[in-house]
Amino acid sequence: MDVSNGSKEWQEMLETEKAGLVERVYDLERQVLEHKDEIVCLKSTLADVLRRLATIDNSYENSTSGSGRGGTGTPAAGSAGGGSGGHHTVSDNVSAINSTVDEKRFGRVPSRVTSSPSRVKTNLAQKAIHYSNGSLHSDSMSSHSISPAPSPSPRQPNASAVANSHHALLASSGGMGKRWSSTGDFISTPGSPSGTGSSGSMSRFSAKSLLNLSGNSSRQGQTHPYVQRKNEDDEYVKLYISGRPIVIHLPEAQLSTYELTKVQPAPNRRLRLDWAYGYRGKDCRSNLYQLPTGEMVYFVAAVVILYNMDEHTQRHYLGHTDDVKSLAVHPNKLLVASGQCGGHEGRDSLPHILIWNSVSLATLNMIGCGEFTGSINCLSFSRADSGSILAAIDDSPDKIISIWDWQKKEGGRKITETKCSVDTVVAVEFHPLDKGQIITIGKNHIAFWSLDQNGMLYKRMGVFESFEKPKYVTAISFTQMGDVVTGDSSGNLAVWKRGTNVISRFLKKVHEGPVFSICALRNGGFVTGGKDGLLLLFDDALHIKAEQIVEAHFGAVRVVAEGKGSQLLIGTTKNCILSGDFTLSLVPIVMGHTDILWSLATHPQVAQFVTGGRDRLLQLWDSLSHSVVWSKDIGEPIHAVQIANAGDVIVAGGVGGRWSVFDIVTRELLATYTDGQEVIQCMQFSPDGNLLAVGSKDNCIYIYQCTKVAHRFSKIGKCTGHSSFISHLDWSKDSQVLRSNSGDYEILYWNPTLCRQITSQSTVKNLEWATQNCSVSFETIGIWPENFDGTDINSVCKDGEEQFLVCADDFGKIRLFSFPASQPKSLSHSYRGHSSHVTAVQFMHDGVRLLSAGGMDTSVLQWRVV
C-alpha cells in the first residue's frame, strides 16, 4: 500500500510539473508574439554588435600572437568549448523546450497548448511570426500597422572592454546560443548544399557559432543553408533553388565587404492597404449588405471591404488568412460574421468564422477553428432572439450544419451539428419571427429545421406536392407575416405558409432561368434578380410593379440588397456591384476581373495602371478615383501587358505567339504581331523607349525597334539560349543590355541590338538596372527562403528611388524588403490580403503606391508606403 501511495504521489508530482511546464511554455509563446517587432530589431542589433566584437577580437589576437587563426581553433573558442561541457545537458533541455515551442506555434506537431480554446487568445491567433529565409516577418493583420523603431548603432567600445565582454559572452554561449537557435534564424542546417556540419564533440553553441553569427568566416569560405561562397576570394556565390545551384556574380563594389552571415534589417517603413479593387460575386451569394454607417460591406480575396459610396472611401477588415466565402450581419447591424476556406499554413489557416465589430474592426471571437473540414459557405445570425446564436454550413462532403453560441466563450460553444444534405446547400436562414426555426435550401431540397431547448435539431423536408419540383431551390426571403418565399432554378417563386412545410402559393416562370436573389424591402415588397439579368419589383401581395434590366456585360444578378431610401445594390456574376433603382439606370460602382488575373503594368507618368487576365478583359484603371477608365474584351486570354514609355499605347501578350497594340485613350486595336506559337510570357520597353523585348514560352526573346509611329514595331531578331520559358526581363539603365530569367532559374545577359548572349561577367556584373523584375539576381538573393520551390515567388519589383524591394509569392503574401535584398538573411515585413498566388506586383510612378494582382482571387490591391 505504501509503495502504491508513493507511486500515486510521484505521478501527481509529475502531472503537476508537466502542467507547470505547459504554462511556462505558453507564457513564453505569448511574450514572444507580443514582442515580435522588438525581437527583430534586437536580433539585428545583436548581429551587428557581435560582428564588431569579432572584428576587434581578430585584430587583437593577430597583434598579440602574430599568427592567423584556423577554422575552429582560437584560445577563446577552446576555452568556451571546454567550459561548456558542464552545462551541456541543461542547454540541450532548453533547446528541446524552445524547439517544441516553435513546432507547436507553427503547426508542425499537435499542440496541447494551442489546441485548448480556453487558453488561446484571439489576438494571439491573429499574430503569427512567419519564417522565411531565416528571417522574422511581421504579419500585418490590419490596414494600420506600426513600424518598429530602428535599432541605434552601438558605439565602438575600447579594446579591453571588448575583450572582457567577448570572453564573458563566450563563457555563457551555451544558454544564449540555444535561445537563438530555437528561432532557426542564424544556424546553417547540416546536410544542405552548403551545410557546414559541426564536430560531434564540439558544442554547436561555442565561440565558433557566435563568430559565424557575427560574420567572421574562416578562410575556408562562408556558407549558408542555401547560399554558398567557398572562398573569400571568390567573385561569385551559388544560390540553391529547388536543389539547383545558380551562379551569381558579385559586383566589384561588394567583393571585399560581402558577408553571407550579415543580417539585413527590414525597412523602417511599412505598407498599408489603401484600396481593394474587385468583388466576389461569381460563385458566392448573400455577400452584399448596407450598414447603418452608410457603408456597404462585401468581400474579395481575403479582404472584407466596407465602402462608403457617398464619401468614396474604403475601410478593410484583414483578419482572414484565406478566401472569404460567406458573410452575415447581426440583427443589431453592428456586428459581422465572415467565414473563410482553408489556407496554407498553421492553425489560423484552418476554415473558421470570425465575429467582428464593423465600426472598430476589432475581432470579437474566432469560431470553429479546427472544427470545419471545408469552407464555410453559408452563415446566418438568429433573428427572433437578437442574434444570440449563429448557423453555419460546412461545405464538406457531408454538408454539415452547425449551430453556435458564438458569444459564450473564446472559440464559441458548438450547440449541435448534423448532416444537412447529400447535395449542395446554397443558403441558411433563421426565421425572423419564430425562435429556433431554421431553413436551408439547395440542390433538390428545402428543409425546415427546429432547434429545441436541449440543442437538438429536427428536420422536415419541404413538400412540393403537385407543384413542379425544381433541380435547385436558389433563393430565400420572408414576408412580414413570417411566410417563407423561395425562388428556384426554373424561374419560379413559391410561398410556404408560416409553420408549415407545404406551398401555399406558386408563381410560375417569373424569370427566364434561375432566381438568384430575393430581397425583402422595408415597405413589405420584394425585388427579385435572376440569371436573365432582370430585376423585378413586387408589392407585398407579390404583384409585379416594375422591372429593370442589367446590361449583359455586367453579368447576371447574383445578389440584391436594399440601400439608402429606394436605392438598390446589385452584385453580379461578373464581379461587379451596381447601384440604382427602378426609375434610373444602374450605375457600376465596383468592377473587377472574373478569371485568373495574370498581368499588371503601371503608367510611367500618371496614376493609371492596366490589367489583363484569362477572362480576356484588358482594363485601364485610375488609382486616384479608384475606378475603371475603360474595359475591353480582346477575344483571347492576356498573359502580359506593358504601357509604352510615352504612355500612348498598351501592348498585350496573348496565346499562340500573338501580341497586340491598343490606343490607351480610345482602346482601339492598332496592330497585331506574331512571334512563335507559344504564350507571350513577359514584355518590357527599354528605358530610352527605343526597344521592346518580348519573352515567349518558346524559350526565345524577340527584340523590336520602336518606330516614330507609336503602334509600329520593326523586328530586329530573337535571342536564343534559354532552356526553359522566359519568365522575367530587365533592361540596364543605359538600355544597352538585357537581363532575363527563365523557368529553370537561369540568368542570361544579352546584347539586344545583335541578339547575342553576353558571356563575359565582367561586362555585366557592375551594371545598374532600370527595373527589378528578375526574381533570380544578386539583388534578390534574400527573398528566397530555404524551403521555397523555384516557382513559389512569382513577381518582384523595386521603387524608383531604389529604397524598397517587394516580392509576391504563391501563398498570398506581399513581402517588403530593403533594396537590394542581397543578403541571404534579409528581414522583411509580410502582408496578407490576397487569398491565392499573387501573380504581379508593381510600384506606381510616384513610388508611394504599390499594386498587387491576385491570381485566382481576381483582385487588385493598392498599397501605400507609410
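Heads up, the Cβ atoms here are built off N, Cα and C, so glycines get one too.
Annotation comment: TrEMBL describes 59-162, 181-203 as region 'Disordered'. Per TrEMBL, compositional bias 'Gly residues' is recorded for 67-86. Residues or ranges marked as compositional bias 'Polar residues' in TrEMBL: 91-100. What TrEMBL lists as compositional bias 'Low complexity' is 108-120, 132-148, 188-201. Annotation source TrEMBL lists domain 'EML-like first beta-propeller' at 313-580. Annotated repeat 'WD' per TrEMBL: 590-622, 673-705, 719-751, 831-866, in sequence order. Look at TrEMBL and you will find 597-865 tagged as domain 'EML-like second beta-propeller'.
Here the repeat 'WD' (590-622) has a mean pLDDT of 96 out of 100. The recorded stretches the repeat 'WD' (590-622) and the repeat 'WD' (719-751) do not share 3+ CB pairs below 8 A when only pairs 6 or more apart in sequence are counted, and are therefore not in contact. DSSP assignment over the repeat 'WD' (673-705) gives 0 helix, 19 strand, 14 coil. Taking Cβ pairs closer than 8 Å, the repeat 'WD' (719-751) reaches residues 241-242, 244, 246, 248, 678, 681-688, 690-691, 693, 695-703, 757-758, 764, 767-777, 790, 796 in its own chain, all 6 or more past its ends.
Across the repeat 'WD' (590-622), the DSSP tally of helix, strand and coil residues reads 0 helix, 19 strand, 14 coil. Broken down with DSSP, the repeat 'WD' (831-866) shows 0 helix, 19 strand, 17 coil. For the repeat 'WD' (719-751), the DSSP counts in helix, strand and coil order read 0 helix, 18 strand, 15 coil.
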